[in-house]
C-alpha cells in the first residue's frame, strides 16, 4: 500500500486522539450486535444475549481494547502492514477459523465509531485515509487464507 504524506498525517493525527479502550470496546460491541453471527467466535465470553449484555460484558471491552491496540501497530507500521499482521493472520485462519469477511466488517464498524467520536475532525479526507487503512489491515489479516 502506498501512503501519501497527507494520508499518513491524517491517520496518525487522529490516532493520537483515539481512546483505544473506549473505541475498541464500542467497535467490537457494535460488530457483535449488528452482525450477530460473529458472536460464534466469542462463545467463551459469556453473556452475549442482548445489546445491553454485550456492551456491559467486560470480556468484550477487554478484547475490543486488544483489537484496537493491534490496529495501533498498523498505524506505527503503515509501510509494513502485511508483516505486522502475519502472526495474527495465521492465528485467525489456522486456529480460530474466522471468516475473513469479518475483518472487513470490523473495519467498516471502526469507521463508524471514529466518525461518531470525532465528528467534524473526521473529515472526508480523513475518512478516505482511514478507509484505506482498514482495508489494508483486513487484507493483511486475510492473507493466510489465500
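Backbone N, Cα and C define each Cβ position, glycine as well.
The model shown is predicted, which means the values in this text are computed figures rather than measured ones.
Residues annotated as domain 'Globin' in Swiss-Prot, with sequence analysis given as evidence: 2-146.
The Cβ neighbour count for residue 63 (heme b binding site), using a 10 Å radius and every protein chain shown, is 16. Taken from Swiss-Prot, the feature heme b binding site applies to 63, 92.
Residue 63 (heme b binding site) carries a helical DSSP state (H, G or I). In the predicted model, residues of the domain 'Globin' (2-146) average a pLDDT of 88.
Residue counts of the domain 'Globin' (2-146) by helix, strand and coil are 121 helix, 0 strand, 24 coil (DSSP-based).
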